[in-house]
Amino acid sequence: MDATTAPHRIPPEMPQYGEANHIFEMMQNMLEQLLIHQPTDPIPFMIDHLQLDNDYVPKILVLGPPASGKTTVAMWLCKHLRSNLLSVENLIARQFSSLAAGARQHYQKFKTLPSGLLVRLVQARLREEDCVTRGWILDGIPETREQALLLQTLGIAPRHVIVLSAPDTVLIERNLGKRVDPLTGEVYHTTFDWPPQPEIQNRLLVPAGISEGETARKLLEFHRNIVRIAPSYPKILRVIPADQPCVDVFCQALTYVQTIHRSNAPFTPRVLLLGPMGSGKSLQAALLAQKYGLVNVCCGQLLKEAVADKSKYGKVILSFFEKEIAVPDSIIMKVLGRRLDQQDCVERGWVLHGFPRDLDQAHMLNSLGYKPNRVFFLNVPFDSILERLTLRRTDPVTGERYHLMYKPPPTVEIQARLLQNPKDTEEQVKLKMDLFCRTSAELEQFYQPVLPLNGDQDPYTVFEHLESGIINPLPNKVP
């Protein structure tokens, strides 16, 4: 761009396209790969990297002491994510590899591998096509800080590191009941995870090195190493308690590896708040606008402002207001579109509430390019909605608003003159709730992924959940 023509007005479609297609992250990933591999000809290298389309494949380390269940969790993650599991055992068991054959002989003799040899095995395996295209999960690797540093030196960097943790007494007791299926490699337990099939039961073997003394020695070695490995992965490491059912451990691990770490990409929030009347959308929108500078766009308020300004559309809207009938969607979109196209909405972002109310309006909003990047659904029980709305009152003298339960009038005199808005009668509230329930499921399906929130709690607690949903990236979808 020509610097002399500043300030520049960037079309809103440009940042939306960049955000939707992860342009910033793509450029960042390419730069990382250039710095790691340092190719002599970077252009063909970048083209090949883009064609691989593997920036978001799983790259996971699963670490933990003996009997913590790390192998089981790693295998389940591998099946669920359709990735590749790498462990010391399957690396040295690979056929048609002279490196693996040498490592196998060394392991059979010394029951361990030198750090350099293990890292070379990992590096060779990660270069193969299936690991490049579908990612990888390392089970129990690295074992020492030296191995972690060697992996980092080669540019082998995980996106998620899981460390399982449990008391030593629990692990020693658990290890004594450990059994292994020699055909599948699945790990079972005589007490906690015994297979129901008799054929599997009959072929289970007792693994070597599970005695109490041997387990205690391995635990001591693990504790000595993990405190030196952990600082190598400061922002991507998650400790998960392993002293709970294996399914719960797996669920926590899966939830973590589905998260996306915060990006440095520029982000302009475009927030849509959905929910029944009385769910607190207006309050939450005001709080977001106050703290983050977003433009608070209330559809109903925009229509009233258009009428007050006596604009071209305002005169048309006034005629519908006077007849007490709904304003056509096309006119609403004209007014709403003019507001969302203004520069403050483009630069600072917006929080929209009160529109859309049905699937047709959502399609119309989407077709005109007004696509939210965060959609929240405030869920509030019907009884709470009735309590919030039917007990609202207004003082006609001062204009002060009261609630008979949460903010009662201070004097009997004021209470005697309070009036109820006709829209807040129980019949009207039930009618509007019925209309909302008819369309809410379609809206929720249209705007996937929707972030559901419990709106029946303290407003500032709801606001904290809103903040978290806006600041943190949306989780990955895993089939």
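Cβ coordinates are placed from backbone N, Cα and C, and glycine is handled just like the others.
Take the ATP 2 site that Swiss-Prot assigns to GLY278, SER279, GLY280, LYS281, SER282, LEU283: the candidate from ARG174, ARG179, ARG374, ARG392 listed for it is ARG392.
Broken down by DSSP into helix, strand and coil, the region 'NMP 1' (87-113) contains 18 helix, 0 strand, 9 coil. Separation of the C-alpha atoms of GLY280 (ATP 2 binding site) and GLY354 (AMP 2 binding site): 11 Å, rounded to the nearest whole number. Look at GLN147 (AMP 1 binding site): DSSP puts it in a helix. As a whole number, the greatest separation of Cα atoms within the ATP 2-binding residue list GLY278, SER279, GLY280, LYS281, SER282, LEU283, ARG392 is 17 Å. DSSP classifies ARG392 (ATP 2 binding site) as strand under the three-state reduction. When the binding-site residues ALA67, VAL327 are compared by the number of other CB atoms within 10 angstroms of each CB, VAL327 has the fewest. All chains included, 19 other C-beta atoms sit within 10 angstroms of the C-beta of GLU143 (AMP 1 binding site).
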